[in-house]
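Engineer: So TrEMBL has the following annotated:
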type    : residues                                   : note
BINDING : G96, D97, P98, G99, I100, G101, K102, S103 : ATP binding site
DOMAIN  : 67-216                                     : domain 'RecA family profile 1'
REGION  : 352-455                                    : region 'Lon-protease-like'
MOTIF   : 253-257                                    : motif 'RadA KNRFG motif'
Amino acid sequence: MAKQTKTFSCTKCAATFPKWSGRCDNCGEWNTIQEDKGISAGPPSKSLGARRGSSLELMDLATEEAPPPRTLSGLNELDRVLGGGLVPASAILVGGDPGIGKSTLLLQAAAAFANNGLKVVYISGEEASAQVRMRAQRLGLADASVKLGAETNLRDILTTLDKERPQLAIIDSIQTMWADNVESAPGSVSQVRAASHELTSFAKRTGTSIVLVGHVTKEGQIAGPRVVEHMVDTVLYFEGERGHPFRILRSVKNRFGPADEIGVFEMTGRGLSEVLNPSALFLSERGQPSAGSVVFAGIEGTRPVLVEIQALVAPSPHSQARRTVVGWDGGRLAMILAVLEARCGIPFAGLDVYLNVAGGMKISEPAADLAVASALLSAREDTALPAETVVFGELSLSGALRPATQTENRLKEAQKLGFTSAIAPKGGKAVGVEGITLRSMTDLTAFVGEIFGAG
Ligand code: TYD
Ligand code: MG
């Protein structure tokens, strides 16, 4: 028998090492390295049986049958994020903070797919079947023909799935799954990796689509779904702020569709309802135009979304001024502040800066730069931007404005929601949209001069 070589991995970042050490070389965390109890250490299981490899000429693929069609759930927000429905034999990871609504979303999705003719199995490792049924009742889904199971033993689950051969199996959650041939505790990196590997190979082998639910926690003890991200075809994140009812399902990786697509939902007393016009929703709480508030015309995936960006700038009582950001990147804010100071001579030293993206939305698009700069200036100068105006454009370190992609879609969305003017970088494909006065500029100094009458 070959000598068993040990491997170790970090429970925080999942980096693997040949030796144990007190500190992870990759993420720098202490006491997170654990020995991997590999699958090969345990008794062989049925599903782990030897499968002979076979080679295939590239051209042979063309003669294979066309892939079965995608299935729509009828929940538009979900179908779009999946890239146009569920692909057979695909493995999907849905990650998110505990309590954000993953189980609710997937129970609703399970019912929706079942109503559209799929054979669906929902396996919960966190709740008893009765609890899942109660939740389904509350969601008005009690009649859906979804088979429920409460199980955490991976071998039992695979046996059940093998017998049932559903078209869709939902595993809630991957952290509760336990492979009996791996010695470590459920939720450890080795367990999560083993369970995900088994389930994704099952999907590929049998054509069942598998959805894995994964909790993301900050503690190192529970493996986040990061380890699993490489194994699956599609990674979706379910995001939102606890106090806000809005939830965003975002594709961060998708082998079968565009990444960065979002679906917007609202958590209600009867589960999640789809938000078909997110711009209206994100702007619904906006009052009269006020200093520090700017509407950004963004693009999320394939869809334009208008969001309000709010800034507050106040003299700092502290020796070190505060920079607080919600919904945007802190590093990017520091960059915008530096550009405003260096290129336009507008200092923020000694001022506390708070930046917030309204509605619990998270923005990662660089085209938000100009909207953020506008909000900061507007707050600092205590001057509201012209009413009914949207702003977008990327800012370079030189203070030049770079044209954004999909200008026309942004303008059309703004027009649909009753906006009448837009501030955007000059250049790119010149487009006009009826009803929108476009004010285009080449650099930040021109913008400051024109909008705030100062330099
Ligand atoms: P859940 O789906 O259990 O979250 P996760 O699986 O991500 O841990 O959702 C839990 C929260 O959702 C809980 O705080 C209550 C809320 N909720 C509603 O507001 N309405 C509902 O109809 C349901 C089922 C849950
Ligand atoms: Mg849950």
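Each residue, glycine too, has its Cβ placed from N, Cα and C.
Owing to the predicted nature of the structure, the values given are computational and were not obtained by experimental measurement.
Set these features in their place in the structure for me.
Structural biologist: A simple way to gauge crowding: the CB of P98 (ATP binding site) has 13 other CB atoms within 10 angstroms, across all the protein chains here.
Residue counts for the domain 'RecA family profile 1' (67-216) by DSSP state, with H, G and I taken as helix and E and B as strand, are 62 helix, 32 strand, 56 coil.
Listed as Cβ neighbours of the motif 'RadA KNRFG motif' (253-257) (distance under 8 Å, sequence separation of 6 or more from its ends, same chain) are residues 70, 81-84, 87, 90, 229, 232-235.
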Engineer: Among G96, G99, G101, the binding-site residues in question, whose Cβ has the most other Cβ atoms within 10 Å in this structure?
Structural biologist: G96
Engineer: Tell me the Cβ neighbour count for D97 (ATP binding site), meaning other Cβ atoms within 10 Å of its Cβ, over all protein chains shown.
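Structural biologist: Around D97 (ATP binding site), other Cβ atoms within 10 Å: 17.
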Engineer: What number of additional C-beta atoms lies within 10 angstroms of the C-beta atom of S103 (ATP binding site)?
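Structural biologist: The answer is 22 other Cβ atoms.
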Engineer: Quick one: give me the count of other CB atoms within 10 A of the CB of I100 (ATP binding site).
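Structural biologist: Excluding its own Cβ, I100 (ATP binding site) sees 20 Cβ atoms within 10 Å.
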Engineer: Just to confirm my parser: what is the rounded mean pLDDT across the region 'Lon-protease-like' (352-455)?
Structural biologist: 90
Engineer: Please list the DSSP helix, strand and coil residue counts for the region 'Lon-protease-like' (352-455).
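Structural biologist: Helix (H, G, I), strand (E, B), coil: 38 helix, 25 strand, 41 coil.
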